[in-house]
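Colleague: Dropping the structure in here first, questions after.
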């Protein structure tokens, strides 16, 4: 029985890439800077001391980071026994966004440039806004700017509740985000508005990667909170991913846990499992791994590393999340059967010590574990697509156009 389990620690980069200067990210290092802060006692909120990741270290994380940066992460053990194969991978795609990273992991790099709304104020074309107001039967809109998702709620959440005007905002990513109150505006109405926005952006040729519904609750600034009912409307990948090939060519199964299905616009997904929060995502993953049959991929995105701690530049929170993940990692490892492979990776960086609130262009870790996987270094990988090609080879699908089999 062959099964592959792919775990994306969303935004867990391990050091700046060779082309980081194009993105203003030279010197960024999500893992290294978290470890450094922990070693200095600067991340002792809700946790204490050096970054403690013994299970990830056994899978080769510290070695992969050392390969990427040329140095051992502060306070971490570079001499621990390694029981998995490890690599550090460069992104071939032109961006440092979620769809690009995930599609490339599945063998389809994004070699075109996404569209962006680069103006920080009055970010969106008036023609687009007028269409949304008309088709969505809206009294108007708020925002129309670049912003952090949590900051904009404190600024405009109350006015939104009073007026019924949705909050439109964007970031350095190729996104159009809509924040609305779950109760006063309504979740279904928000989702409908996002569908309209997706249609208008696609038909208008804006080439925007994702429309994101950002529902929230609460009654006043300081109390507003985003809920787990986020929904991403992505464009479809430009070619068949390894997920699609497994389903089409081998009659296989692909189980999405978390936001994976949204990222791939449901292409190549046979089952969707929603869960919110690190523990709930882990619980759902364990359940799906236990139930997975032959020719199945269980694919989980652990979004909190990015959304709760990376973008919010919360080093202590990110460290605590990593340590929680590490404590629970043996639960996954013990479910890996004789012919199975477990792959732990990321989709980009989001260094919580970095300026601003955006992603960082970094190498990602590629940690591969299984009874038939030979432990040791797989070196520097030129594209995340090596993961997709490895999975294609493993299941015997037709090869991907990009990437090399690592095993």
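Heads up, the Cβ atoms here are built off N, Cα and C, so glycines get one too.
The annotation Mn(2+) 1 binding site is assigned in Swiss-Prot to 10, 347, 348. Sequence annotations record features per position, and here Swiss-Prot assigns Mn(2+) 2 binding site to 306, 311, 359.
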Colleague: Measure from the CA atom of residue 348 (Mn(2+) 1 binding site) to the CA atom of residue 306 (Mn(2+) 2 binding site) and give the result in Å, rounded to a whole number.
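Modeller: Rounded to the nearest whole number, the Cα-Cα distance is 9 Å.
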Colleague: So if I measure Cβ to Cβ from residue 347 (Mn(2+) 1 binding site) and keep only same-chain residues at least 6 apart in sequence, which ones fall under 8 Å?
Modeller: 8, 10, 11, 98, 100, 101, 102, 105, 301, 364, 384
Colleague: If one measures from the C-alpha of residue 348 (Mn(2+) 1 binding site) to the C-alpha of residue 359 (Mn(2+) 2 binding site), what distance in angstrom results, rounded to a whole number?
Modeller: 7
Colleague: Fewest neighbouring Cβ atoms within 10 Å: which of the binding-site residues 311, 348, 359?
Modeller: 311
Colleague: How many neighbouring Cβ atoms, not counting its own, are there within 10 Å of the Cβ of residue 306 (Mn(2+) 2 binding site)?
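Modeller: Other Cβ atoms found within 10 Å: 25.
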